[in-house]
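Participant: The following feature annotations were taken from Swiss-Prot:
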DISULFID  16-37  disulfide bond
DISULFID  22-42  disulfide bond
DISULFID  26-44  disulfide bond
DISULFID  38-64  disulfide bond
DOMAIN    2-65  domain 'LCN-type CS-alpha/beta'
């Protein structure tokens, strides 16, 4: 499993202000374990390896991984 910004068919990650929205978006739409709002987009934790995710910088990924774990 992997973490990242899950993208829809148009290649965009859902934008967010609230983590509740992302939890639902990530778990119900993308079947991840959890979801959080990180840097204004929904960051999903526990996505299946075949899910498409947004290409992001290592620094941004490390930041979101750090924030979602703590």
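Glycine residues also receive a Cβ, built from the backbone N, Cα and C atoms like all the rest.
Since this is a predicted model, take the numbers as computed values, not measurements.
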Participant: Please report the Cα separation of residue 22 (disulfide bond) and residue 16 (disulfide bond) in Å, rounded to an integer.
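Facilitator: About 7 Å separates the two Cα atoms.
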Participant: Just to be sure I understand the packing, how many Cβ atoms besides its own are within 10 Å of the Cβ of residue 44 (disulfide bond)?
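Facilitator: A count of 32.
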Participant: What are the helix, strand and coil residue counts for the domain 'LCN-type CS-alpha/beta' (2-65) according to DSSP?
Facilitator: 19 helix, 18 strand, 27 coil
Participant: Measure the Cβ-based neighbour count of residue 16 (disulfide bond), defined as the other Cβ atoms within 10 Å of its Cβ.
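Facilitator: By my count, 19.
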Participant: Among the disulfide-bonded residues listed here, 26, 37, which has the most company in the form of other Cβ atoms within 10 Å of its Cβ?
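Facilitator: Top count of Cβ atoms within 10 Å goes to 26.
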Participant: Near residue 26 (disulfide bond) in space, meaning Cα within 10 angstroms, which of the disulfide-bonded residues do we find among 16, 38, 42, 64?
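Facilitator: The disulfide-bonded residues passing the 10 Å Cα test are 42.
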Participant: Can you check which residue among the disulfide-bonded residues 42, 64 has the largest number of Cβ atoms within 10 Å of its own?
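Facilitator: When each Cβ's neighbours within 10 Å are tallied, 42 tops the list.
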Participant: Could you tell me the C-alpha distance between residue 42 (disulfide bond) and residue 64 (disulfide bond) in angstrom, no decimals?
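Facilitator: Computed Cα spacing between residue 42 (disulfide bond) and residue 64 (disulfide bond) is 10 Å.
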Participant: Please work out which residue of 22, 38 has the most C-beta neighbours within 10 angstroms of its C-beta, and give that one of the disulfide-bonded residues.
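Facilitator: Per the Cβ count within 10 Å, the most buried is 22.
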